[in-house]
Amino acid sequence: MTTGLWTLLATVVIGGLVRLPLALVMFAGGAAYLFATRQDIGLLVGQVMNQMTAMYVLVAIPMFILAANIMNAASISDRLWAAANALVGRFRGGMGHVTVVVSMIFSSMSGSAVTDAAGPGLVATRQMQRIGGYPPGLACAITAAAATIAPIIPPSIPLVIYALISGASIGALFLAGLVPGFLMGAALMLAIRAVAGRRALPVGEVVPIRAMPAVFGRAALSLTLPVVLLGGIWTGVFTPTEAAAVAAFWALILGAAVYRRIGIQTLGSVFGESARQSASTMLLIASAFILNYAIANEGLAARLALAITDLQLGPMQFMALVNLLFLVLGCFLDGSVMMLVFVPLILPSAKALGIDLTYFGIVVTLNFMIGLITPPYGLLLFVMASLARVPLGQIIREIWPFVLALGGVLAVLTVFPSITLFLPRLFGYE
Amino acid sequence: AAAPAAAETEIRISTAAPDQSPLSDAFRAIKARMEAKFPGELKISVHTASALFRQGTELPAMQRGNLEMASPVTFEIEAQLPEYGVFSAAYLFRDADHLIKTFRSDIGAEFTKDVADKMGIVILDTAYLGTRTVNLRNDKPIKEPGDLAGVKMRMPPGPAFQTLAKALGATAVSMPITEVYLGLKTGSIDAQDNPTNMTRDWKFHEVTKQVILTRHLVQPVFIAMAKPAFDKLSPAQQTELRAAAREAADQEIAKTLADEKAAIDTFTQAGIKVVDPNVPAFRAAVMDEYRKAGMTDKWKPGLLDRVTAIR
Amino acid sequence: MTPAGTTGRGIAPSFRRVAGFLSAAGIAVVFALFVFGVAMRYLFDRPVGFVDEAVTLISVWSTFWTAAFVLKWPEHIAFDVVYAHVAPPAQRALLLAGATGFVILMGAAMPGMIDYTLFLWRERTDVMLLRLDWVYAVFPAFFAIILLRFVIVLRRLVGADWRAEVAHWSGADLDGDDDATAPKTPEGGA
Ligand code: NA
Ligand code: NA
């Protein structure tokens with residue numbers, strides 16, 4: 001590593017340890033890097049603002065946070081969760097399973113893991129604590145892990161970007177993500193079951209059968225929300241990014257006109273709270289952009305790619321190394337850096353080894369999703385800590401069973417390409 | 001061995017083009033030729049797919065001394081030199097050949113001098129980005145500009161493209177390119193415009209029924225260097241760099257043209273209808289719209305006619 | 001709970017209220033613009049070109065505005081692995097070191113950041129054609145405010161009232177006066 005990168009790393013580690021806000025520490029790391037390499041310090045402004053003002057899809061994050069807060073204030077979350085509780089609350093750890101299922105449903109509407117965590121995830125976290133008796137750290141860990149499914153089940157922003165980089169078909173990639181997405185859900189549910197048993201989480205309220213129609217009736221209108229969103233996206237009324245705002249709009253109509261829970265005063269404080277929650281998340285994303293620049297400018301990825309090519313591995317050995325590399329890098333780097341800077345450089349090796357590009361795309365994207373929940377740099381961990389106001393340490397302590405579960409899915413998908421490729425082949429993509 | 005007398009000159013090249021594209025190949029060819037000719041003197045790195053600087057931010061980066069080389073397009077130059085807005089006009093160039101002839105004529109020399117003097121950017125050579133064409137998700141018959149009425153067409157951001165969509169007869173919708181695939185699939189947009197090879201690379205043809213060869217925008221792309229960085233090179237290096245840029249540009253143009261043709265073959269094989277519309281009618285409609293919008297007044301006087309006169 | 005004048009630890013409460021109102025207004029405008037954009041395109045077949053750019057720019061501005069003026073220190077995401085497990089005097093030392101280092105480093109970066117921002121007068125945004133120096137100014141301004149707030153933190157850390165400051169950073173008083181602005185969710189803010 002170069003002096004510049006060492007300076008950056010040292011600044012971030014020391015700044016983090018003395019408890020400075022993480023986003024400010026990353027900005028400072030970027031500044032230190034630019035000073036150490038004698039570059040224009042203005043690049044800090046340029047890189048961060050250029051990327052932030054170009055990332056239209058990022059705006060979905062504040063909108064999904066707003067939607068979640070409106071759903072809370074409108075009593076929509078309560079009604080939905082009462083229905084879910086009637087179904088599975090009697091089982092140990094039931095709320096955790098519901099979280100995963102809700103996350104999978106929202107995955108078919110959003111293309112990014114952060115929006116999934118910020119929207120339905122935040123609601124789920126509160127309900128896991130309240131109804132399911134989950135400790136806050138565990139509730140956040142489950143939500144963060146479940147949110148990683150969002151970009152694997154279509155639509156998906158990372159898969160679209162991968163398609164352009166690799167030349168793989170978007171149609172094939174979207175189909176290929178379905179089965180892995182369900183496998184991730186199943187693996188997380190197994191992990192939740194194990195954790196719930198070991199920790200002896202309390203069993204939820206048992207709802208008698210004769211009370212069920214009333215519970216479901218109360219939730220009926222709220223259940224139109226996912227229907228409106230899914231229908232709207234798949235009939236072309238609005239795009240996945242706009243869907244975030246439409247979700248908030250629909251929840252607002254239900255809350256104000258139907259349930260009569262939201263007045264002007266409530267709405268004002270919902271907007272205020274949403275602005276504060278999204279600011280701390282967006283600031284962290286902003287600070288990652290200066291890191292991206294340092295990595296690209298140092299040519300780090302090119303050197304790594306060269307080293308891998310020199311090893312002359314077989315396809316499976318190569319895939320094992322790619323997984324290992326991305327899991328380790330994922331602890332420290334943002335998924336977007338790995339996708340934009342590293343993937344283009346190792347793709348030629350993958351092509352040369354005859355590795356299917358659709359399969360490769362799903363495997364690397366799953367790697368990046370696991371990177372979102374591995375400390376020390378795990379964007380979803382930060383988002384949950386900020387939104388649910390739970391100390392980061394508590395979430396990190398609870399995340400490991402779920403990292404393990406998703407790692408298991410990764411291993412299975414890597415070893416058996418046909419799991420990924422079965423659906424695309426069925427629909428005629430070779 | 002003795003240490004080299006001069007330290008290595010670092011040249012960082014940034015482009016928005018995907019890693020596997022004729023333009024990225026061109027920059028890698030320049031790197032290979034220059035480093036072979038001046039071993040130990042030059043250290044050139046090629047950063048593709050906007051990994052180092054995002055598209056649209058490279059010019060100020062070069063002007064500020066944060067970047068040495070890049071591949072700006074006409075819209076970026078026009079932002080700082082509005083009189084050259086004519087180079088971004090639809091139906092200005094007839095084809096790639098006309099475009100290259102123009103930039104290698106006295107018009108090109110004049111333009112290059114203005115860009116160097118007023119912007120501090122040295123244009124080493126001109127390559128070819130592609131020819132934009134309209135692509136539809138449905139079977140609606142399109143021959144004349146009027147046929148695009150009510151068609152929601154995704155356009156890149158910027159007033160020039162909004163005017164262009166209107167001129168073509170369509171309704172402009174702005175949308176990030178990452179959402180276009182799903183937009184076409186679901187129908188939140190009906191059409192998008194891109195060169196045929198880009199339509200294929202972004203996989204939009206998977207959700208396209210018709211390619212209408214409107215050929216409305218023949219786009220140049222410049223191989224450019226920051227003037228201070230260029231002035232720092234020795235005369236021998238400068239001469240070699242210009243020659244390398246010309247060689248790379250020639251190869252890029254040939255490859256892009258072949259790639260555009262190959263993309264059309266891909267479409268035909270996939271059962272997509274490829275339509276030749278009434279191009280003169282589209283051209284007339286567009287020029288009329290430009291006059292009505294007052295855009296022709298901002299252009300350098302006489303330049304439109306001089307470019308048209310080049311055969 | 002805290003002595004008068006130190007509520008909110010950093011910025012006077014009345015100003016915070018105005019800043020908080022603007023930050024809420026920012027997200028409300030983004031929301032309204034999104035709904036407007038969808039309605040114009042789908043219901044009225046009249047797509048509006050500026051919506052995408054407007055929502056993006058307002059979100060960015062709102063982020064930096066909120067982070068500078070509204071968020072309290074413990075509301076920023078941070079690692080508290082060391083801080084949470086040491087005694088107040090050690091916490092004071094950590095904060096002193098961090099704040100001093102940050103003020104020196106970013107203070108040195110300020111002139112370059114301002115110079116770069118001013119340099120951008122020649123560039124404009126794609127759709128609304130706003131001058132980039134104005135659009136990007138929010139970023140150096142954000143750092144200027146954060147630096148100022150760190151200077152206030154340093155002053156408090158060396159003063160007699162330093163225990164209140166280290167307690168504030170561990171989030172001890174976060175749910176005190178703040179609940180007034182938190183939404184009354186059905187579960188009572190659980
Ligand atoms: Na998804
Ligand atoms: Na990570």
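Note: Cβ is positioned from N, Cα and C throughout, glycine not excepted.
Per TrEMBL, the feature transmembrane segment maps to A:6-35 (among others).
The feature domain 'TRAP C4-dicarboxylate transport system permease DctM subunit' is assigned by TrEMBL to A:9-419.
Sequence annotations record features per position, and here TrEMBL assigns transmembrane segment to A:56-76 (among others). Counting only same-chain residues 6+ beyond the ends of the transmembrane segment (A:56-76), those with a CB under 8 A from a CB of the stretch are 110-112, 114-116, 118-123, 126, 157, 222, 225, 240-241, 243-245, 247-248, 251-252, 254-256, 259, 261-262, 266-267, 270-271, 273-275, 277-278, 281-282, 285, 387.
Cβ atoms under 8 Å from those of the transmembrane segment (A:96-119) belong to residues 57, 60-61, 64-65, 67-68, 81, 84-85, 87-88, 125, 127-128, 132, 134, 142-144, 146-158, 160, 181-182, 185, 188-189, 192-193, 195-196, 226, 229-230, 233, 240, 243-244, 247, 277-278, 281, 285, 369, 372, 379-380, 383-384, 387 of the same chain, restricted to positions at least 6 beyond its ends. Annotated transmembrane segment per TrEMBL: A:96-119 (among others), in sequence order.
The transmembrane segment feature in TrEMBL is assigned to A:131-153 (among others). Same-chain residues lying 6 or more positions outside the transmembrane segment (A:131-153) and placing a CB less than 8 Å from one of its CB atoms are 81, 85, 89, 93-96, 99-100, 102-104, 106-108, 110-117, 121-122, 124-125, 159, 177-178, 180-182, 184-185, 188, 191-192, 195, 199, 201-202, 204-205, 362, 365-366, 369-370, 372-373, 378, 380-381, 383-385, 388, 390-391, 393-395, 397-399, 402-403, 405-406.
Listed as Cβ neighbours of the transmembrane segment (A:159-192) (distance under 8 Å, sequence separation of 6 or more from its ends, same chain) are residues 93, 96-97, 100-101, 103-104, 107, 111, 142, 145-146, 148-149, 151-153, 339-340, 343-344, 347, 357-362, 364-366, 401-402, 404-406, 408-409, 412-413, 419-424, 427, 429. The transmembrane segment annotation in TrEMBL covers A:159-192 (among others).
What TrEMBL records for A:219-237 (among others) is transmembrane segment.
Per TrEMBL, transmembrane segment is recorded for A:243-262 (among others). Long-range Cβ contacts of the transmembrane segment (A:243-262) within its own chain (Cβ-Cβ under 8 Å, at least 6 residues beyond either end) map to 59-61, 63-64, 66-67, 70-71, 73-76, 109-110, 115, 119, 221-222, 224-225, 228-229, 232-233, 270.
Tertiary neighbourhood of the transmembrane segment (A:283-306): same-chain residues 2, 4-5, 8, 22-27, 29-30, 33, 37, 39, 43-44, 47-48, 51-52, 58, 61, 114, 325, 333-334, 336-337, 340-342, 345-346, 349, 379, 382-383, 386, selected by CB-CB distance under 8 Å and a gap of 6+ residues from either end. Residues or ranges marked as transmembrane segment by TrEMBL: A:283-306 (among others).
Sequence annotations record features per position, and here TrEMBL assigns transmembrane segment to A:318-347 (among others).
Tertiary neighbourhood of the transmembrane segment (A:359-387): same-chain residues 16, 22, 65, 113-114, 117-118, 121-122, 125, 140-141, 143-145, 147-149, 151-152, 156, 158-159, 162-163, 166, 168, 173, 176-177, 180, 184, 277, 280-281, 284-285, 288, 319, 322-323, 326-327, 329-335, 338-339, 343, 347, 350, 395-396, 399, 402-403, 406-407, 409-410, 413-414, 417, 420-421, selected by CB-CB distance under 8 Å and a gap of 6+ residues from either end. Positions annotated as transmembrane segment by TrEMBL: A:359-387 (among others).
The transmembrane segment feature in TrEMBL is assigned to A:399-423 (among others).
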The domain 'TRAP C4-dicarboxylate transport system permease DctM subunit' (A:9-419) [mean pLDDT, rounded to integer]: 87
Surrounding residues of the transmembrane segment (A:399-423) on its own chain - C-beta under 8 Å, 6+ positions past either end: 141-142, 144-145, 148, 175-176, 178-180, 183-184, 187-188, 190-191, 194-195, 316, 319-320, 323, 327, 356, 358-359, 362-363, 366-367, 369-370, 373-375, 378, 381
